[in-house]
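Visitor: Okay, here's the structure, questions in a sec.
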Amino acid sequence: MTNIPVITFSNGHKMPALGLGTYKSEEESVKKAIKEAINLGYRHIDTAFYYGNEREIGEAVREKIEDGTVTREDLFITTKLWNNFHREERVVPTCKQSLANLGLDYVDLYLIHWPMAYKEEEDLRPKDISLAESDVDYLETWRGMEECVRQGLARSIGISNFNSEQITRLLKSAKIAPVNNQIEVNINVNQEKLIDFCKKHNITVTAYSPLGQPGGSSGIDNKLDSSVIMLLAKKYNKTPAQIALRYVYQEGTAPIPKSVTASRIKENMEIFDFSLTSDETNAIRKLGTGERVASFP
Ligand code: NDP
């Protein structure tokens, strides 16, 4: 079984350096994917209230605990607070709702999904974001996140899609420091500066859309079939996706590739038996265009 390295947070808790993403993984396919991943040795699962699949993920996780494959303590489960629930008094109830969906007593990591808030009465996916925005400050939201730790609902708390300016502001008032920032990192978006900034502040980085979302609707060339990547795949006898994930890992992040395909779930974890040279990571870095898969207007 592949040995996945672990990353230690500033609070001492540990997170496996590779996890399974679940955005757009639904119903039976996500249940199957989670069970397959746990059988293969994945211990880190990433979900969010927004994804609408916490129930199915919880069912699959509980089945794997009940059949003795893993214990709850073996697993690292992340979920996220959606934009409609940023008011301080809404955070604990929303975290409890996610736990009820998952059928779990605690999550390992609870993240503020995005720094900006929507009005509570708005749709989770508003048609016009400019009309949905509210001015709830994420500093207020963070106080609710801290309460989730105090109540034992989350072992660790963090942020997602925060830039260095927002993190600086948060660190000035936080009583419990964020341990992780989940951001887009892939061949196009290497996030060198932000990763460096996070490291200096003891914040680990999780890389979302680490493959550049192949088959997604962004229309952005994810560079998986560029000659640089193809040559490296040949050299190391790996697939282009494995080269991309290894690159993202070597940039100092924990990639969370999403797949509901058994062969790819396996392929994506087999990245810890080779390493790219610094010339090779530099060559990959030069392919980056800065175009993001997840851009918020
Ligand atoms: P990814 O870069 O992980 O790409 C996922 C797509 O790649 C799926 O269509 C999958 O298809 C396909 N794929 C997976 N493995 C391979 C492979 N080895 N070769 C070729 N294609 C492959 O994009 P995501 O946007 O899903 O990001 C990963 C996770 O990050 C999300 O699922 C979510 O958990 C998280 N995320 C967080 C965000 C945030 O704001 N915090 C924003 C976006 C994502 P298939 O499933 O059919 O195999």
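Using the three backbone atoms N, Cα and C, a Cβ is placed for every residue, glycine included.
OK, TrEMBL features for this one:
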DOMAIN    18-287  domain 'NADP-dependent oxidoreductase'
ACT_SITE  Tyr51  active site, proton donor
SITE      Lys80  site 'Lowers pKa of active site Tyr'
BINDING   His113  substrate binding site
Visitor: Which chain-mates of His113 (substrate binding site) that are at least 6 residues away have a CB under 8 A from its CB, listed by sequence?
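Guide: Counting only residues 6 or more apart in sequence, the Cβ neighbours of His113 (substrate binding site) under 8 Å are Ala48, Phe49, Tyr50, Lys80, Leu81, Trp82, Asn83, Ser160, Asn161.
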Visitor: Taking DSSP three-state, what's His113 (substrate binding site) in: helix, strand or coil?
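Guide: Going by the DSSP assignment, His113 (substrate binding site) belongs to neither helix nor strand, so it counts as coil.
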Visitor: Give me the non-local Cβ neighbours of the residue listed as 'active site, proton donor': same chain, 6+ apart in sequence, Cβ-Cβ under 8 Å, ordered along the sequence.
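Guide: Once residues fewer than 6 apart are set aside, the residue listed as 'active site, proton donor' is near Thr22, Tyr23, Lys24, Ser25.
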Visitor: By a simple count, how many Cβ atoms lie within 10 Å of the Cβ of Lys80 (site 'Lowers pKa of active site Tyr'), its own Cβ left out?
Guide: 26
Visitor: Tell me, what is the mean pLDDT of the domain 'NADP-dependent oxidoreductase' (18-287)?
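Guide: That stretch averages a pLDDT of 97.
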Visitor: How would DSSP class Lys80 (site 'Lowers pKa of active site Tyr') in three states?
Guide: strand
